[in-house]
Amino acid sequence: MADGISSFWGPVTSSHEWCEKNYVYSSYVAEFYNTISNIPCILLALIGLVSSLLQRFEKRFSILHLSNMALGIGSVMYHATLQHVQQQSDETPMVWEMLLYIYILYSPDWHYRSTMPTFLFLYGISFAVLHSVIRFDIGFKFHYVMLCLLCIPRMYKYYIHTQDTSAKSLAKLYFATLFLGSLCWLGDRFCCTHISTWPINPQGHALWHVFMGFNSYFANTFLMFCRAQQRDWSPKVVCFMGILPYVRIQKPKTQ
């Protein structure tokens, strides 16, 4: 904690703190950089949501973008307070988001349409209830990594069956941001003692937030392209102001 600045939120009750000094800039914000670094995630999710609604994509994508926004907001609450309840508002949406990805990735080949969403919904609710009672720490991390690993092979399958070079670039950006973000997370988590001696803290966990905000956006956009291809909506990846890619579709008049 910085000298001369007291904590508005009281003692830390979260199961983990990150490699950033607490309450350096404000008594209301425990980890300043880890808090503001969620802004890209929230903004990109909002852009994706607007694009999904305007083009009338399936509701699953609107829910996915909303889950990204909820995750970003939950992370803000967690890092600003370092309280146990707010930590759950970060970690539970992380699991819900991965369950949504699993549904979107696997549902096109699932023959029993009602069973998968029902199972995933009950799984998500059960996890939220258990997580509110039991303090998962290492177990949560392993659980989250397992959910991620379930998604990666399917993303790769979509990648190798996609011929559009712009869409394949989105998938490459997804894997690149996931790799770089993971390196930042690992460095911040396991090398904090060494990093704390550096003149400047690179804020690895904050960089993880930024990379994962873009990672979610690239993943969502790529999946929207793939789903539009499945529905014969003539998808095309275009760039807003020549920078930010999004999917433009043209539905048949019968739809």
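Every residue, even glycine, has its Cβ placed from backbone N, Cα and C.
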According to TrEMBL, which stretch among 94-112, 208-226 corresponds to the feature transmembrane segment?
208-226
Tell me which of the binding-site residues His79, His205, His209 ends up closest to Glu31 (Ca(2+) binding site) in space, Cα to Cα.
His79
Spatial neighbours of the transmembrane segment (171-188) far in sequence, C-beta under 8 Å, 6+ residues away:
18-19, 155, 158-159, 162, 195, 202-205, 207-208, 210-212, 214-215, 218-219, 222
Can you say which of 32-54, 61-82, 119-136 has the most Cβ pairs under 8 Å with the transmembrane segment (208-226)?
32-54
Between Trp18 (Ca(2+) binding site) and His79 (Zn(2+) binding site), the C-alpha gap once rounded to whole angstrom:
9
Identify which of the binding-site residues His79, His209 has its Cβ surrounded by the largest number of other Cβ atoms within 10 Å, counting every protein chain shown.
His79
